[in-house]
Amino acid sequence: MKPFEVPPWEEGADIIEFEPVNPSGNGVAAKKKPKKKKPKKKKAAVPNENLNVNKAAEKFTYRQGRGPLAPPQDSSDDDYEDVEDGIRAMHKVKSGRIEKQRPPTQATKGGKKELKLKPELAQAALEAMEATSSTTPAANSLASKLQSELLGGRFRYINEQLYSTTSRKAEALFRKDSSAFEAYHAGYRQQVEKWPINPLNRIIKTIKKIPKTAIIGDFGCGEGKLAQSVPNKVYSMDLVAARSDIIACNITDTPLQARTLDVAVYCLSLMGTDLNEFFLEANRVLKLHGTVYIAEIQSRFQDVREFVRCLNACGFDLNKKDVAVNYFYFFQFKKMRHVPKNTKMKAFSLKPCLYRKR
(Lines of atoms letter the chains of each structure in order from A; the text may use other names.)
(Lines give C-alpha, C1' and ligand atoms only; values in the text may rest on other atoms or scores of the structure.)
Protein backbone atom coordinates (compact mmCIF):
# COMPACT_ATOMS: atom_id res chain seq x y z
CA MET A 1 0.00 0.00 0.00
CA LYS A 2 1.32 3.37 -1.00
CA PRO A 3 1.46 6.01 1.63
CA PHE A 4 -0.98 8.84 1.31
CA GLU A 5 0.85 11.80 -0.08
CA VAL A 6 -0.33 15.32 -0.52
CA PRO A 7 0.53 16.39 -4.07
CA PRO A 8 1.80 19.78 -4.68
CA TRP A 9 -0.76 22.36 -5.57
CA GLU A 10 0.63 22.98 -8.96
CA GLU A 11 0.09 19.45 -10.21
CA GLY A 12 -3.68 19.51 -9.63
CA ALA A 13 -6.07 16.96 -8.29
CA ASP A 14 -6.05 14.71 -11.31
CA ILE A 15 -2.90 12.97 -10.34
CA ILE A 16 -4.23 11.92 -6.90
CA GLU A 17 -4.72 8.19 -6.66
CA PHE A 18 -6.71 6.48 -3.95
CA GLU A 19 -6.42 2.86 -3.04
CA PRO A 20 -9.79 1.24 -2.41
CA VAL A 21 -10.34 -0.09 1.10
CA ASN A 22 -12.74 -2.94 1.95
CA PRO A 23 -15.41 -1.54 4.33
CA SER A 24 -16.32 -3.43 7.53
CA GLY A 25 -19.72 -3.45 9.25
CA ASN A 26 -21.86 -0.77 7.68
CA GLY A 27 -19.07 0.61 5.68
CA VAL A 28 -18.53 3.59 7.92
CA ALA A 29 -16.37 2.42 10.79
CA ALA A 30 -12.90 1.19 10.22
CA LYS A 31 -11.87 -2.31 10.97
CA LYS A 32 -10.93 -2.70 14.63
CA LYS A 33 -8.02 -4.65 15.80
CA PRO A 34 -8.89 -7.62 18.04
CA LYS A 35 -7.93 -7.24 21.67
CA LYS A 36 -5.60 -9.65 23.25
CA LYS A 37 -6.92 -11.44 26.36
CA LYS A 38 -4.73 -11.33 29.39
CA PRO A 39 -4.15 -14.66 31.04
CA LYS A 40 -5.76 -15.00 34.52
CA LYS A 41 -3.51 -15.39 37.46
CA LYS A 42 -4.13 -18.38 39.70
CA LYS A 43 -4.94 -17.53 43.33
CA ALA A 44 -2.68 -18.89 45.91
CA ALA A 45 -4.24 -21.32 48.42
CA VAL A 46 -4.82 -19.87 51.88
CA PRO A 47 -3.73 -22.31 54.56
CA ASN A 48 -5.82 -20.74 57.39
CA GLU A 49 -9.05 -21.10 55.40
CA ASN A 50 -8.53 -24.81 54.87
CA LEU A 51 -7.80 -25.15 58.52
CA ASN A 52 -11.15 -23.56 59.53
CA VAL A 53 -13.07 -25.80 57.12
CA ASN A 54 -11.41 -28.87 58.57
CA LYS A 55 -12.30 -27.78 62.10
CA ALA A 56 -15.95 -27.17 61.16
CA ALA A 57 -16.11 -30.56 59.53
CA GLU A 58 -14.75 -32.12 62.67
CA LYS A 59 -17.30 -30.27 64.80
CA PHE A 60 -20.39 -31.06 62.69
CA THR A 61 -20.99 -34.09 60.58
CA TYR A 62 -23.91 -34.02 58.19
CA ARG A 63 -26.00 -36.72 56.68
CA GLN A 64 -27.93 -36.22 53.50
CA GLY A 65 -31.47 -35.07 54.30
CA ARG A 66 -30.71 -34.61 58.04
CA GLY A 67 -30.16 -31.66 60.34
CA PRO A 68 -27.15 -30.83 62.46
CA LEU A 69 -28.41 -33.12 65.23
CA ALA A 70 -28.51 -36.17 62.98
CA PRO A 71 -26.09 -39.01 63.84
CA PRO A 72 -22.89 -39.46 61.84
CA GLN A 73 -22.90 -41.45 58.63
CA ASP A 74 -20.90 -44.28 60.03
CA SER A 75 -23.47 -44.87 62.84
CA SER A 76 -25.86 -47.77 62.62
CA ASP A 77 -29.58 -47.41 61.80
CA ASP A 78 -30.59 -48.45 65.32
CA ASP A 79 -28.51 -45.69 66.88
CA TYR A 80 -29.95 -43.16 64.46
CA GLU A 81 -33.54 -44.19 65.20
CA ASP A 82 -32.93 -43.91 68.96
CA VAL A 83 -31.55 -40.40 68.59
CA GLU A 84 -34.37 -39.38 66.27
CA ASP A 85 -36.99 -40.69 68.75
CA GLY A 86 -35.34 -38.74 71.53
CA ILE A 87 -35.37 -35.51 69.51
CA ARG A 88 -38.99 -36.01 68.53
CA ALA A 89 -40.00 -36.64 72.15
CA MET A 90 -38.09 -33.55 73.25
CA HIS A 91 -40.05 -31.37 70.81
CA LYS A 92 -43.35 -32.87 71.97
CA VAL A 93 -42.50 -32.09 75.58
CA LYS A 94 -41.63 -28.49 74.71
CA SER A 95 -44.84 -28.00 72.73
CA GLY A 96 -46.96 -29.41 75.59
CA ARG A 97 -48.40 -32.32 73.62
CA ILE A 98 -47.17 -34.90 76.07
CA GLU A 99 -46.20 -34.78 79.69
CA LYS A 100 -42.72 -35.35 80.88
CA GLN A 101 -42.10 -38.90 81.82
CA ARG A 102 -41.88 -39.31 85.54
CA PRO A 103 -39.33 -41.60 87.02
CA PRO A 104 -40.82 -45.00 87.79
CA THR A 105 -41.84 -45.49 91.38
CA GLN A 106 -40.78 -48.44 93.35
CA ALA A 107 -43.36 -51.22 93.38
CA THR A 108 -43.92 -53.99 95.81
CA LYS A 109 -43.83 -57.63 94.93
CA GLY A 110 -47.57 -57.65 94.24
CA GLY A 111 -47.17 -54.95 91.60
CA LYS A 112 -48.80 -52.20 93.71
CA LYS A 113 -47.13 -48.86 94.39
CA GLU A 114 -45.67 -48.45 97.81
CA LEU A 115 -46.23 -45.07 99.49
CA LYS A 116 -44.06 -44.27 102.45
CA LEU A 117 -45.41 -41.77 104.98
CA LYS A 118 -44.21 -40.57 108.30
CA PRO A 119 -46.13 -42.10 111.23
CA GLU A 120 -47.65 -38.78 112.30
CA LEU A 121 -48.83 -38.01 108.73
CA ALA A 122 -50.34 -41.46 108.36
CA GLN A 123 -52.25 -41.07 111.63
CA ALA A 124 -53.59 -37.64 110.59
CA ALA A 125 -54.71 -39.00 107.21
CA LEU A 126 -56.47 -41.92 108.89
CA GLU A 127 -58.35 -39.61 111.25
CA ALA A 128 -59.41 -37.34 108.36
CA MET A 129 -60.69 -40.31 106.35
CA GLU A 130 -62.71 -41.60 109.29
CA ALA A 131 -64.22 -38.15 109.87
CA THR A 132 -65.35 -37.72 106.25
CA SER A 133 -66.22 -41.32 105.39
CA SER A 134 -69.72 -41.11 106.84
CA THR A 135 -70.77 -37.85 105.14
CA THR A 136 -69.24 -36.35 102.02
CA PRO A 137 -70.27 -33.15 100.18
CA ALA A 138 -71.37 -35.14 97.13
CA ALA A 139 -73.55 -37.43 99.24
CA ASN A 140 -75.05 -34.48 101.10
CA SER A 141 -75.79 -32.69 97.83
CA LEU A 142 -77.48 -35.76 96.34
CA ALA A 143 -79.54 -36.36 99.47
CA SER A 144 -80.61 -32.72 99.56
CA LYS A 145 -81.64 -32.83 95.90
CA LEU A 146 -83.68 -36.01 96.38
CA GLN A 147 -85.34 -34.59 99.47
CA SER A 148 -86.23 -31.41 97.59
CA GLU A 149 -87.75 -33.41 94.71
CA LEU A 150 -89.80 -35.54 97.10
CA LEU A 151 -90.99 -32.44 98.92
CA GLY A 152 -91.93 -30.75 95.64
CA GLY A 153 -93.80 -33.82 94.42
CA ARG A 154 -95.85 -34.08 97.60
CA PHE A 155 -96.59 -30.36 97.56
CA ARG A 156 -97.92 -30.58 93.99
CA TYR A 157 -100.18 -33.50 94.95
CA ILE A 158 -101.65 -31.77 98.01
CA ASN A 159 -102.01 -28.50 96.11
CA GLU A 160 -104.00 -30.23 93.37
CA GLN A 161 -106.29 -31.84 95.94
CA LEU A 162 -107.01 -28.50 97.64
CA TYR A 163 -107.90 -26.77 94.37
CA SER A 164 -110.05 -29.55 92.92
CA THR A 165 -112.19 -30.49 95.97
CA THR A 166 -114.47 -28.79 98.45
CA SER A 167 -113.21 -27.36 101.71
CA ARG A 168 -114.75 -30.24 103.68
CA LYS A 169 -112.82 -32.85 101.69
CA ALA A 170 -109.63 -30.84 102.14
CA GLU A 171 -110.28 -30.80 105.89
CA ALA A 172 -110.66 -34.58 105.89
CA LEU A 173 -107.36 -34.90 103.98
CA PHE A 174 -105.40 -33.02 106.65
CA ARG A 175 -107.12 -34.86 109.49
CA LYS A 176 -106.16 -38.19 107.96
CA ASP A 177 -102.52 -37.16 107.37
CA SER A 178 -101.29 -34.67 109.94
CA SER A 179 -97.91 -34.30 108.20
CA ALA A 180 -99.55 -33.21 104.92
CA PHE A 181 -100.09 -29.67 106.21
CA GLU A 182 -96.42 -29.19 107.06
CA ALA A 183 -95.39 -30.72 103.73
CA TYR A 184 -97.72 -28.37 101.88
CA HIS A 185 -96.46 -25.24 103.60
CA ALA A 186 -92.83 -26.30 103.17
CA GLY A 187 -93.44 -26.50 99.43
CA TYR A 188 -95.40 -23.26 99.58
CA ARG A 189 -92.41 -21.46 101.10
CA GLN A 190 -90.26 -22.64 98.19
CA GLN A 191 -92.78 -21.19 95.73
CA VAL A 192 -92.92 -17.84 97.56
CA GLU A 193 -89.16 -17.45 97.10
CA LYS A 194 -89.62 -17.61 93.30
CA TRP A 195 -92.34 -14.93 93.16
CA PRO A 196 -91.47 -11.33 92.22
CA ILE A 197 -93.33 -10.07 95.33
CA ASN A 198 -95.07 -11.56 98.34
CA PRO A 199 -98.71 -10.37 98.23
CA LEU A 200 -99.07 -10.76 101.99
CA ASN A 201 -96.53 -7.96 102.51
CA ARG A 202 -98.75 -5.57 100.57
CA ILE A 203 -101.80 -6.52 102.65
CA ILE A 204 -99.80 -6.03 105.86
CA LYS A 205 -98.80 -2.56 104.65
CA THR A 206 -102.48 -1.74 104.00
CA ILE A 207 -103.67 -3.08 107.38
CA LYS A 208 -101.16 -0.88 109.21
CA LYS A 209 -102.95 2.19 107.84
CA ILE A 210 -106.34 1.36 109.40
CA PRO A 211 -107.20 2.05 113.07
CA LYS A 212 -105.52 -0.25 115.57
CA THR A 213 -108.88 -0.97 117.17
CA ALA A 214 -110.12 -2.77 114.06
CA ILE A 215 -110.60 -6.52 114.58
CA ILE A 216 -109.27 -8.68 111.76
CA GLY A 217 -110.00 -12.22 110.64
CA ASP A 218 -107.25 -13.97 108.62
CA PHE A 219 -109.00 -16.77 106.70
CA GLY A 220 -106.51 -19.43 105.59
CA CYS A 221 -103.66 -17.84 107.54
CA GLY A 222 -101.07 -20.57 106.97
CA GLU A 223 -98.27 -19.86 109.42
CA GLY A 224 -99.98 -16.75 110.82
CA LYS A 225 -97.54 -14.08 109.63
CA LEU A 226 -100.22 -11.36 109.50
CA ALA A 227 -100.96 -11.61 113.24
CA GLN A 228 -97.26 -11.24 113.99
CA SER A 229 -96.89 -8.16 111.76
CA VAL A 230 -99.71 -5.81 112.83
CA PRO A 231 -100.76 -4.40 116.22
CA ASN A 232 -104.46 -5.20 115.69
CA LYS A 233 -106.40 -8.07 117.19
CA VAL A 234 -106.21 -10.86 114.60
CA TYR A 235 -108.11 -14.15 114.52
CA SER A 236 -105.87 -16.49 112.53
CA MET A 237 -107.75 -19.50 111.10
CA ASP A 238 -106.73 -22.50 109.00
CA LEU A 239 -107.44 -26.21 108.61
CA VAL A 240 -104.41 -27.05 110.78
CA ALA A 241 -103.00 -24.91 113.59
CA ALA A 242 -99.29 -24.27 113.04
CA ARG A 243 -99.12 -22.37 116.37
CA SER A 244 -101.09 -22.26 119.58
CA ASP A 245 -102.68 -18.89 118.73
CA ILE A 246 -104.09 -20.21 115.41
CA ILE A 247 -107.66 -21.54 115.31
CA ALA A 248 -107.90 -24.92 113.56
CA CYS A 249 -111.19 -24.92 111.66
CA ASN A 250 -112.86 -24.99 108.27
CA ILE A 251 -113.04 -21.36 107.10
CA THR A 252 -116.56 -21.99 105.77
CA ASP A 253 -117.70 -22.65 109.34
CA THR A 254 -115.67 -20.68 111.91
CA PRO A 255 -116.34 -20.44 115.68
CA LEU A 256 -116.48 -16.61 115.53
CA GLN A 257 -119.54 -14.72 116.67
CA ALA A 258 -121.70 -13.04 114.04
CA ARG A 259 -120.84 -9.47 113.06
CA THR A 260 -117.67 -9.25 115.17
CA LEU A 261 -115.01 -8.50 112.54
CA ASP A 262 -114.09 -5.22 110.89
CA VAL A 263 -111.79 -6.76 108.28
CA ALA A 264 -111.62 -10.17 106.56
CA VAL A 265 -108.43 -11.18 104.72
CA TYR A 266 -108.11 -13.86 102.02
CA CYS A 267 -104.49 -13.98 100.87
CA LEU A 268 -103.95 -16.84 98.40
CA SER A 269 -106.55 -18.87 100.31
CA LEU A 270 -109.46 -19.05 97.84
CA MET A 271 -108.91 -22.76 97.27
CA GLY A 272 -111.68 -25.24 96.63
CA THR A 273 -114.79 -25.46 94.50
CA ASP A 274 -117.22 -23.89 97.00
CA LEU A 275 -116.15 -20.24 97.26
CA ASN A 276 -119.77 -19.19 97.72
CA GLU A 277 -119.65 -20.76 101.20
CA PHE A 278 -116.41 -18.88 101.95
CA PHE A 279 -118.03 -15.48 101.43
CA LEU A 280 -121.36 -16.36 103.03
CA GLU A 281 -119.37 -17.11 106.19
CA ALA A 282 -117.46 -13.83 105.76
CA ASN A 283 -120.79 -11.99 105.48
CA ARG A 284 -121.95 -13.64 108.71
CA VAL A 285 -118.93 -12.64 110.85
CA LEU A 286 -118.33 -9.16 109.35
CA LYS A 287 -119.95 -6.01 110.60
CA LEU A 288 -121.98 -3.94 108.17
CA HIS A 289 -119.64 -1.93 105.95
CA GLY A 290 -116.83 -4.23 106.96
CA THR A 291 -113.97 -4.67 104.48
CA VAL A 292 -112.74 -7.75 102.62
CA TYR A 293 -109.16 -7.81 101.25
CA ILE A 294 -108.38 -10.42 98.59
CA ALA A 295 -105.03 -11.25 96.93
CA GLU A 296 -104.86 -14.02 94.34
CA ILE A 297 -102.71 -15.22 91.46
CA GLN A 298 -103.54 -13.50 88.18
CA SER A 299 -103.78 -16.68 86.12
CA ARG A 300 -106.65 -18.00 88.25
CA PHE A 301 -109.09 -15.36 87.00
CA GLN A 302 -110.79 -16.26 83.75
CA ASP A 303 -113.33 -13.41 84.03
CA VAL A 304 -112.86 -10.71 86.67
CA ARG A 305 -116.34 -9.27 86.13
CA GLU A 306 -117.94 -12.65 86.81
CA PHE A 307 -115.96 -12.91 90.04
CA VAL A 308 -117.20 -9.47 91.11
CA ARG A 309 -120.81 -10.48 90.35
CA CYS A 310 -120.49 -13.61 92.50
CA LEU A 311 -119.29 -11.57 95.49
CA ASN A 312 -122.06 -9.07 94.91
CA ALA A 313 -124.53 -11.93 95.30
CA CYS A 314 -122.92 -12.67 98.69
CA GLY A 315 -123.61 -9.08 99.86
CA PHE A 316 -120.30 -7.36 98.89
CA ASP A 317 -119.69 -4.44 96.56
CA LEU A 318 -116.39 -3.79 94.84
CA ASN A 319 -114.64 -0.81 96.38
CA LYS A 320 -111.23 -1.01 94.73
CA LYS A 321 -109.24 -3.36 92.50
CA ASP A 322 -105.70 -3.52 91.19
CA VAL A 323 -105.30 -5.88 88.25
CA ALA A 324 -102.32 -4.05 86.72
CA VAL A 325 -99.81 -5.65 89.07
CA ASN A 326 -97.87 -8.41 87.38
CA TYR A 327 -98.60 -11.94 88.66
CA PHE A 328 -101.16 -10.96 91.37
CA TYR A 329 -104.60 -9.30 91.53
CA PHE A 330 -105.73 -7.29 94.57
CA PHE A 331 -109.37 -6.55 95.47
CA GLN A 332 -111.12 -4.57 98.20
CA PHE A 333 -114.83 -5.25 98.82
CA LYS A 334 -117.25 -3.74 101.35
CA LYS A 335 -120.17 -5.52 103.01
CA MET A 336 -123.30 -3.61 102.02
CA ARG A 337 -126.06 -5.94 103.28
CA HIS A 338 -126.63 -9.05 105.37
CA VAL A 339 -127.10 -12.32 103.50
CA PRO A 340 -128.28 -15.38 105.49
CA LYS A 341 -125.81 -18.23 105.76
CA ASN A 342 -128.32 -20.77 104.43
CA THR A 343 -128.96 -18.82 101.22
CA LYS A 344 -128.96 -21.13 98.22
CA MET A 345 -126.77 -19.97 95.38
CA LYS A 346 -124.73 -21.45 92.59
CA ALA A 347 -121.25 -22.59 93.64
CA PHE A 348 -118.36 -20.81 91.98
CA SER A 349 -114.59 -21.19 91.98
CA LEU A 350 -111.41 -19.91 90.36
CA LYS A 351 -109.14 -21.75 87.98
CA PRO A 352 -106.80 -24.12 89.84
CA CYS A 353 -103.19 -23.06 90.14
CA LEU A 354 -101.24 -26.24 89.43
CA TYR A 355 -97.47 -26.05 89.78
CA ARG A 356 -95.52 -27.93 87.16
CA LYS A 357 -92.53 -30.12 87.90
CA ARG A 358 -89.31 -28.18 87.24
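Backbone N, Cα and C define each Cβ position, glycine as well.
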Out of Ser75, Ser164, Swiss-Prot gives the annotation phosphoserine to Ser75
Gly220, Asp238, Cys267 show up in Swiss-Prot as binding S-adenosyl-L-methionine; which entry in His185, His338 does that record put in the same site? His185
List nothing but the largest Cα to Cα distance in Å, as a whole number, among the residues His185, Gly220, Asp238, Cys267 that the record says bind S-adenosyl-L-methionine. 14
Within 10 A of the CB of Cys267 (S-adenosyl-L-methionine binding site), the number of other CB atoms across every chain shown is 25
Beyond the listed site residues His185, Gly220, Asp238, Cys267, identify every same-chain residue whose Cβ lies within 8 Å of the center of their Cβ atoms for the S-adenosyl-L-methionine site. Asp218, Cys221, Gly222, Glu223, Leu268, Ser269
Per DSSP, Cys267 (S-adenosyl-L-methionine binding site) is which: helix, strand or coil? strand
